[in-house]
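Notes for the one structure printed next.
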Amino acid sequence: MGLDKDGISNIAKERIASSLVEDTKDLAAELCKHFYNQGWVSGTGGSITLKVLESDVDVQERLIVMAPSGVQKERMLPVDMYVLSSDGTVLSAPPAKGAPHKPPKCSECCPLFLKAYKMRNAGAVIHSHGLESCLATMINPTAKEFRITHMEMIKGIAGHGYYDELVVPIIENSAREYELTDALAAAMEAYPKATAVLVRNHGIYIWGDSWISAKTQAECYHYLFNAALKLHQLGLDPADAKHGPLTRPQTLPDFANKRATSKNVFVLDIEGTTTPISFVTEVLFPYARENVSSFFKSTYNSPETLNDIRLLRDQVHEDLRNNVPGATEIPVESAGIDAVVAAIEKNVQAMIKADRKVTALKELQGHIWRIGYENGELKGSVFEDVPEALAKWDARGIKTYIYSSGSREAQKLIFGNTNFGDLRVYLSGFFDTTIGHKREARSYKEIFLTLGVDHPSCITFATDVLAEAVAAKEAGLQAVLLLRPGNAPLPSDHGFRTAKSLLEL
């Protein structure tokens, strides 16, 4: 089988150039305009993807047409569409446009779309940012499901009738779209009848066995969300068969007591606090350093890796402007994979050697480590007191968060694959440097505002780095320095409380 320089076979090229693909691109562009007029994809948000109707190919193996990210959907043209293989490999990308357009980028929804294709055998997936889909998740900010019954438009949802109760799972939002992938997959597995998943304060993912089914259901879902909002405004219950008056939850008086038991919060550093420094310096960093080249060569055309390359290009451009040692120009794509990967590897090695805390590096390391955890080459390491402390705090209603310079994905991988099992059940959230540098007080102020506690002093931040403790204290947090084996010595006059174990907190 002949392959071109990008590793695309001649057969795949013929499929990409077929009239079926062109027709699907035309349809995708037309639907983008329609959805824009519906208010579902304004501000470049939202997206759509369609399977190419290749009747002689199994649905799971058919080509995928996908709208790009960050593009005005009402001005979308067929040429703007990406063509992907069934596993998400980019086979055809749109040409770059001149200013003021940004370089084309495949939708960050891609990993979520692929889950719907794989788990539901979908023929089309729509991601809407329609206001009603956001507000529907806010009716009850603690609800994990949206429910409605006895409404005519329920009949438009696959597998449902007028008398059925429509249940749509709700997952929590994150700053980056692809971080929702695992939560979306879990919801799809837990709700086998569902044809949609709501994302709180964000929007909805809807799929069907064809574009007609997905579009029809999308229209019905948005209608039903609007209906539920209006029923609530009238004091009526959309989940009641007679849509009678809403009843106040009996547990409401307990809210104050629950708040009292959980008003204090722990925020933990990882390296030198929950995890030995040696694990990071002697295991994680070397693994990432040794696998940069193989990672890029094996995943080069995936949307996630293309985004890694974009972030690295941006960082290198900034480094070159600032004369950062070790920065090397990354050649354009036309130079070929080998040249691009070689330049990327030089830059990444220099960043790792200098222990740079930049997002581009941390995101990439997280993706490389993920492969290591998945194939069993890596296992997270935490001190013996960590699982016991986390379990005790959780039992007392105290929430625990992680704040590390490593990406949130890397943090989840460590705690999801530890020598004591999966500890993520005890953690309420993860912060990385996208919220700010760990040695800057404003970062901790942002964490305080995000967590919603009454006062910064309700937060105890545990770290092994004096400069981080100083920044946290400046923001009003309680700071504790951990004295772990292998940690750097502290000056005698540091002035902070110390602990040798999280159990002492």
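Yeah, the Cβs are placed from backbone N, Cα and C, and that goes for glycine too.
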**Which of H101, H160, H202 belongs with H127, H129 in the Zn(2+) site listed by Swiss-Prot** = H202
**Fill in**
From candidates K379, K392, K438, K445, Swiss-Prot puts in the same substrate 2 site as S404, S405 the residue K438
**Complete:** Listed by Swiss-Prot with D269, E271 as binding Mg(2+), from among D58, D80, D454, D464, is D464
**Request:** Pull out the binding-site residues from the set H129, H202, E271 whose C-alpha sits within 10 Å of the C-alpha of S405 (substrate 2 binding site).
**Result:** E271
**Message:** For C109 (substrate 1 binding site), which of the three DSSP-derived states applies: helix, strand, or coil?
**Reply:** coil
**Prompt:** Apart from H127, H129, H202, which residues in this chain have a Cβ no more than 8 Å from the mean position of the Cβ atoms of those residues at the Zn(2+) site?
**Reply:** G45, G46, S128, G130, S133, C134, V199, G203, I204, Y205
**Fill in**
Most isolated by CB count within 10 A, of the recorded positions E152, D269, E271, D464, is E152
**Asked** Relative to the Cα of S404 (substrate 2 binding site), which of the recorded positions C109, H127, E152, D269, E271, D464 have a Cα no more than 10 Å away?
**Response** D269, E271
